[in-house]
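As recorded in Swiss-Prot, the features of this protein are as follows:
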{"type": "TRANSMEM", "residues": "3-23", "note": "transmembrane segment"}
{"type": "TRANSMEM", "residues": "25-45", "note": "transmembrane segment"}
{"type": "TRANSMEM", "residues": "66-86", "note": "transmembrane segment"}
{"type": "TRANSMEM", "residues": "111-131", "note": "transmembrane segment"}
{"type": "TRANSMEM", "residues": "149-169", "note": "transmembrane segment"}
{"type": "TRANSMEM", "residues": "178-198", "note": "transmembrane segment"}
{"type": "TRANSMEM", "residues": "201-221", "note": "transmembrane segment"}
{"type": "TRANSMEM", "residues": "237-257", "note": "transmembrane segment"}
{"type": "TRANSMEM", "residues": "274-294", "note": "transmembrane segment"}
{"type": "TRANSMEM", "residues": "325-345", "note": "transmembrane segment"}
Amino acid sequence: MKPPILIAILATVMTGTMIVMLSSHWLLIWIGFEMNMLAIIPILMKKFNPRAMEASTKYFLTQATASMLLMMGVTINLLYSGQWMISKVSNPAASTMMTIALTMKLGLSPFHFWVPEVTQGISLSSGMILLTWQKIAPMSVLYQISPSINTDLMTLVALASVLVGGWGGLNQTQLRKIMAYSSIAHMGWMAAIIIYNPTMMFLNLSLYILMTLSTFMLFMLSASTTTLSLSHTWNKIPLIASTILTLMLSLGGLPPLSGFIPKWMIIQELTKNDMIVVPTLMAITALLNLYFYMRLTYSTALTMFPSANNMKMKWQFEHTKKMTLLPPLIITSTMLLPIMPMMSILD
């Protein structure tokens, strides 16, 4: 794809998301979603092959169905309240339909089936956009309608998503599928807290985006798409191998890394709201995620793939690509725990 065309398409994707985030009128929100969806399709099909075509078609059909459900919910709400404003969601049926539409857009369970398939069929750079930027618009709408969301429905969706995100990634060897299931699990944690503390959900989303961006950039730098290709990283870029180890542990939510902050705060907030069973189940299920992150850590940093002696010095002769954004992203993805005391403003 030519650079001017790519810039124009990326600008449209960003504009669509910004329209959704800054609008309080349902029609403008719907227009923003449509702009964003139609502009992302060429990015997903950047590598023009049957697999990318299939992934783009799946993405388009899912998002179009979700947009239709969203407009149906908006129309029902309009009939009952006579208002187009996002703050005036008063009808329970309309609220439920909107919630289902937005969970479908985010890829939360039970509407998660498209996420691993689409992510696996596209390039690493497209997958990075799909699993980070594309989550912002639906989450911002959920944030705005959070007072009217059905608590039981959202809790059930959150628990199912955390379970599916952990269970689905267990036997995967494809890195993009692992990141897709990781995304489903993280979205589940955000869905659990959105009713009780929507601001905390945005903190979680920010940290998730930072960690996922860093991970995808490292995969692109080492040109890895499977756990087997990741095991060659020691020979090519030793520093990257140790960085991937730290990032995986951060994604798993282990202290003293940044990924521990949202899990800690969400469990604390849910406990304050007299919900003991839900955070307990989520914390136990998060061990499944930690297991497959540890598998990646083991294959990347703790084993050396059998190779000839001259291959072990390969890193000395390889010219590595410059990624200026990577160092600050890695630092924020792993070392933010000291700012934890400042988070008291979210209470």
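Glycine is no exception: its Cβ is also placed from the backbone N, Cα and C atoms.
Counted over residue pairs 6 or more apart, the CB atoms of the transmembrane segment (201-221) and the transmembrane segment (111-131) come under 8 Å in at least three pairs, which marks the two as touching. Under 8 Å from some Cβ of the transmembrane segment (3-23) lie the Cβ atoms of residues 29, 31-40, 42-43, 86, 129, 133, 136-137, 140-141, all in the same chain and six or more residues away from its ends. Within the chain, the transmembrane segment (111-131) has long-range Cβ neighbours (under 8 A, six or more residues past its boundaries) at 13, 40, 43-44, 46-47, 51-52, 54-56, 58-59, 62, 66, 100, 103-104, 161, 164-165, 168, 174, 176-177, 179-181, 183-184, 212-213, 216-217, 219-220, 225.
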